[in-house]
Amino acid sequence: MNTQTRETTSMSDAQDKAATLIEALPWIQRFAGTTMVIKYGGNAMVNDELRRAFAEDIVFLHHVGIHPVVVHGGGPQINSMLGRLGIESEFKGGLRVTTPEAMDVVRMVLTGQVGRELVGLINSHGPYAVGMSGEDGGLLRAVRTGTVVDGEDVDLGLVGEVVGVDPAGIVDILDAGRIPVISTVAPEIVDGGDSVPGAARFQPTGQVLNVNADTAAAAVASALGASKLVILTDVEGLYANWPDKSSLISSLTASELRDMLPRLESGMIPKMAACLKAIDEGVERAHIVDGRLAHSMLLETFTTAGIGTQVVPDEETNA
């Protein structure tokens with residue numbers, strides 16, 4: 001006769017897992033039926049184990065009744081492809097200059113490589129994900145932007161800022177029970193001036209722009225009335241006194257972030273500005289989460305303590 005026994009340690013582990021599930025229950029109940037926008041980026045995009053874990057997290061959100069919308073960039077993959085094609089990357093003030101030649105690569109990599117791979121990973125769990133880009137169905141609209149270096153205006157080429165979102169295409173995919181996966185390129189529009197009435201004032205140029213995935217995700221979250229914006233990055237969260245790791249901020253209000261923003265490290269400014277924009281435009285919560293940790297998004301969303309940094313409206317200081 002075969003006898004099976006369970007060690008005390010394994011039973012303790014099982015009880016810990018049960019406790020984690022019970023802890024998640026009120027958060028699942030709270031966010032079921034809401035839309036969550038997740039910006040996918042950083043190391044989570046290039047590490048195979050983390051990529052698989054991210055896809056599992058998205059499918060988990062889907063199955064507990066949350067409507068995930070994934071927005072992604074692809075900086076590492078773009079750099080790799082430009083190198084393989086012998087196209088030199090130019091940077092001004094730390095920002096990439098996107099030439100027409102480089103823009104062709106950006107579109108190819110974001111929509112044809114990164115987006116397709118992520119859709120495939122999610123769909124390995126079932127027919128859930130649908131890929132789209134900011135060009136599809138007039139989803140995103142952008143204006144060309146530059147930057148200032150040492151007091152001088154600098155042209156960054158085909159780089160833009162999202163100024164409009166038509167969420168109808170995303171809503172159609174969500175209503176069909178699917179998961180939208182959005183790559184961040186956007187058609188360029190120009191302002192015809194006050195003399196042009198109504199919607200005709202903003203005209204497409206036929207050009208496509210490379211847009212920042214953090215700010216694009218914030219714009220999409222605002223347009224959808226999302227309950228959460230989650231930005232995956234390569235740090236644990238926002239620090240009050242970087243690089244002091246003990247100064248990690250677990251939660252702060254929009255006003256507190258607004259005061260801190262000018263003093264932040266340059267790499268964190270676009271991410272935290274995106275969080276602030278989302279909160280200012282009605283998103284309930286915005287989170288910065290360490291994408292180097294597998295399943296970090298679930299830990300931040302479904303545990304009481306969380307592991308990253310959340311930004312909340314001024315009138316609500318408690319999570």
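Backbone N, Cα and C define each Cβ position, glycine as well.
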Identity of the substrate-site residue among ARG84, ARG96, ARG201 (reference: GLY74, GLY75, ASN210, source: Swiss-Prot): ARG96
For LYS271 (site 'Transition state stabilizer'), the three-state class that DSSP assigns: helix
Recorded positions listed as LYS39, ARG96, LYS271, least Cβ neighbours within 10 Å: ARG96
For the binding-site residues GLY74, GLY75, the one whose C-beta sees the most other C-beta atoms within 10 angstroms: GLY74
C-beta crowding around ASN210 (substrate binding site), within 10 angstroms: 24
Rounded to the nearest Å - Cα separation of GLY75 (substrate binding site) and LYS271 (site 'Transition state stabilizer'): 15
